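These features come from TrEMBL:
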- 1-53: region 'Disordered' (REGION)
- 1-10: compositional bias 'Polar residues' (COMPBIAS)
- 34-48: compositional bias 'Low complexity' (COMPBIAS)
- T151, S152, F181, P182, T183, D184, D250, H253, Y275, W305, T331: pyridoxal 5'-phosphate binding site (BINDING)
- K276: N6-(pyridoxal phosphate)lysine (MOD_RES)
Amino acid sequence: MSDVLQNTGGRDTGSGRGARSTERTQETGTARSVPVPAAEAPVVGTPAPESPGAESLAARAAALDAADPLAKRRDLFALDDGVVYLDGNSLGALPRHVPARMAHVVSHEWGRMRIRSWDESGWWTAPERIGDRVAPLVGAAPGQVVVGDSTSVNVFKALVGAVRLAGDDSRDEIVVDATTFPTDGYIAESAARMTGRRLVPVAPGDVPAAVGPRTAAALVNHVDYRTGRLHDLPGITAAVRDAGALAVWDLCHSAGALPVDLDANGVDLAVGCTYKYLNGGPGAPAYLYVAERHQARFDSPLPGWNSHADPFAMAPGYAAVDGARRGRVGTPDILSMLALEAALDVWDGVSVHEVRAKSLALTDFFLECVRAYVPEGRLTSLTPTAHAERGSQVALSCADAPAVMARLIERGVVGDLRRPDVLRFGFTPLYVGFADAERAARVLAEVCAEADAEAGVER
Ligand SMILES: Cc1ncc(COP(=O)(O)O)c(C=O)c1O
Ligand SMILES: Nc1c(O)cccc1C(=O)C[C@H](N)C(=O)O
């Protein structure tokens, strides 16, 4: 391979790691064994002379940043100048204005208004109001997205709801993305058992061939959390629907990073989190999309009182409310929900297409810098080079990934580790710039060289 990086295009590297068994041993976003970076830990400020081409790449980065229409958005976020934050695909950064907004919510709406806030501060309608703020970011017309609960819980609602919408008992299979983030796989397995269906795990690319008259629903991740591979949402959705089944998408790693176009692609149901590219904060509520055409028949497996047509009647029998609100369950987590609502302000005036263009330029440039700085064969890229197959993260693998990520974080380049050997770098176009990408690659090269020197490896 002539490339400095070997590229496995996001496919299994053949190292004997079954996707499932690896995924079941995931650690928290920043590997627990990795020291938390000091907020002020500086990154090397000037190009290291020994890095080939560093000066020209640094100059190119400066020019790209100067021409970047989104560059100013970074000022909206609380970030440390000396740190390159490439972990927004695990936890998005804090928009600066959120603490003051939350101080008002806590001291005034909760502290002074107390119970009146359910009506007068708009708490009761927050799930659907904020759903309508998320909707344009995922290409949905208003009235189809409701915010609340975790992604895991919404996967359950969406998948069981999809099987019920499919109706026909002869549709006795649920197809699931075999490379999925584990929670979706666990819940799909449970949903299959509960609904008396057989679970059929297949790679996303094989879903069109796997669906047929026996398929009730297919659950697929839009972007693979480990490799950063972007799956073909339009093509897979069309194949699933042509088979008479329902397409359910997990958008955790795509919403806020690239256009999703749920309505235009005829997606049936979708879920996603808001704490990654949407910057809603740790544990921010997730969302559920139910296409309008399905809403009247959507039969939630969690019919709590918040989705009752007349919740305050407190009637013993359940009667579902109309619309996206049917996806609600119980009392929403108002503080997290209002933090998310405030955080979404950073999207005002931003086009998702502009974000996508910058995301691709950033990941291209990062890969170019890694190729220039890191000796050939030291790292293997798991992220596809084709734009049509790439999300907004770069995943690089090497045998000593845990030690490499620990050193990177010590030096202020914050990515994360997915055991056993994946270094993940998330590029969040609203606050990551080209100079960040160049610095991250340069520090990565230094760290790899140090680790090699200590291990007595010559390249
Ligand atoms: C693709 C995907 N789905 C689901 C989840 C988990 O969702 P939650 O823990 O918020 O329920 C994550 C990340 O945590 C994820 O990356
Ligand atoms: N949700 C997380 C958490 O509560 C702690 C640490 C990490 C996370 C994550 O979101 C992990 C993430 N979904 C991933 O892609 O690996």
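Just so it is clear, glycine is given a Cβ too, placed from its N, Cα and C backbone atoms.
Taking a Cβ distance under 6 Å to any atom of ligand 1 as the criterion, the recorded positions T183, K276, T331 reduce to T183.
Fewest Cβ neighbours within 10 Å among the binding-site residues F181, Y275: that distinction goes to F181. Spatially close to D250 (pyridoxal 5'-phosphate binding site) yet at least six residues away along the chain are T151, V155, D177, T180, F181, D184, L219, V220, N221, H222, A270, V271, G272, judged by Cβ distances under 8 angstroms.
Cβ packing within 10 Å was compared across the binding-site residues T151, T183, T331, and the lowest neighbour count falls to T331. Secondary structure from DSSP puts T331 (pyridoxal 5'-phosphate binding site) in coil. Cα to Cα, T183 (pyridoxal 5'-phosphate binding site) and K276 (N6-(pyridoxal phosphate)lysine) are separated by 16 Å.
Looking at T331 (pyridoxal 5'-phosphate binding site) and the residue listed as 'N6-(pyridoxal phosphate)lysine', their Cα atoms lie 23 Å from each other.
Comment: pyridoxal 5'-phosphate site residues T151, S152, F181, P182, T183, D184, D250, H253, Y275, W305, T331; largest CA to CA distance 31 Å, whole number.
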